[in-house]
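A.B. asks: Dropping a structure here in structure tokens format, bear with me for questions.
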Amino acid sequence: MKQLKNTLYLSYDEGQISCSGRALVIRAKDQAPQQFPVHILEQIVCFGSVMLTPDAMNLCLANNVTINYLSVYGRFRGRISGPVRGNVLLRWMQFRRADDPVQTAELATAFLLSKISNARTVLLRHARERETNVFDEAVRDMAGLLVKLKGFTITDLNELRGLEGDAANIYFRCFDSMILKNRETFSFHGRSRRPPSDPINALLSLGYSLLAAEITGVLESVGLDPSVGFLHKDRPGRPSLALDLMEEFRAVVVDRFVLALVNREQLQANDFETDEAGGVALTEKARKEIFLNEWENRKRTEIIHPVLGEKISFGLLPHVQAMLLARFLRGDLDFYPPFFLK
């Protein structure tokens, strides 16, 4: 099984990132230099304008350490990676299946079943913990969508995307009811992006961006093209397959993580700042010391994977699903088994 390596998070106040031998060196203002051996790293995530020297960048590329750039709001800007891994035969199989409407719909349905089922499970867990019926209608409606997906062969991608939109609307109608603490700061009235307009949306957007960057790298590592998807439309510069696979983990990984931070009162109103355009983001201190620290801790918690029957870390879930997807596309599996939260 693949070992979970580290992610190095860098911010615009870190100063210049250089290298010494086979280690990256961070020289932040008024702090002693820090060294990170390149072999322990899987990726670097840069928030804002982070300066890496050419030597540091070359060291990363030579050791398959991907560099991701995000805005201070957590919006994905771009990535720098080394030579593409994997073989062309697997990608041809991916392209052929993506060009077949029936086979495309088959995979799109699998991603959707996982997305809706996992979101429903999150609602059910909150309902049990609170002994309330506030989620009953949403749980029933999502069960109806699952029955529709399982009971009929839907080959119209627009119809499938419509069901995805319906599921998201049902789920997010209940999201505010899952926020239990500090509601004067953390209330939710719907998704807002580019930029996020409130603290909850700021947290969700940051989590989704981190997850998308990780999944993009994972897909490349198993030999798949992140740009050629099945559920999401292909567009220039859009990692459609990464967004497809991400649907399995939005509620499971990001939403539960955000709700835990808020309901455990690990974040407060003064951990956020608003810019002149009304965009809300975590402060630099809160992002580093709370969000990213807890994000890495969460990735190291363990679960039993329902298909493998093995204990793995949460951070390896996308890698396992990407491997299963690659095996299916190669013809080693009769069907792709999406991830279902138990």
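Every residue, even glycine, has its Cβ placed from backbone N, Cα and C.
TrEMBL does not curate its annotations; it predicts them automatically.
Since this is a predicted model, take the numbers as computed values, not measurements.
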A.B. asks: The Mn(2+) site in TrEMBL lists E164, H232. Which one of E247, E248 belongs there according to the record?
C.D. replies: E247
A.B. asks: Neighbourhood of the Mn(2+) site (E164, H232, E247): other residues with Cβ within 8 Å of the Cβ centroid, in order?
C.D. replies: A108, F111, L112, K115, R161, L231, L243, D244, M246
A.B. asks: Return one of helix, strand or coil for E164 (Mn(2+) binding site), based on DSSP.
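C.D. replies: DSSP assigns E164 (Mn(2+) binding site) to helix.
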A.B. asks: Give the sequence-ordered list of residues that share a chain with E247 (Mn(2+) binding site), lie 6 or more positions from it, and have CB atoms under 8 Å from its CB.
C.D. replies: F111, L112, S114, K115, E164, L231
A.B. asks: Quick one: give me the count of other CB atoms within 10 A of the CB of E164 (Mn(2+) binding site).
C.D. replies: 19
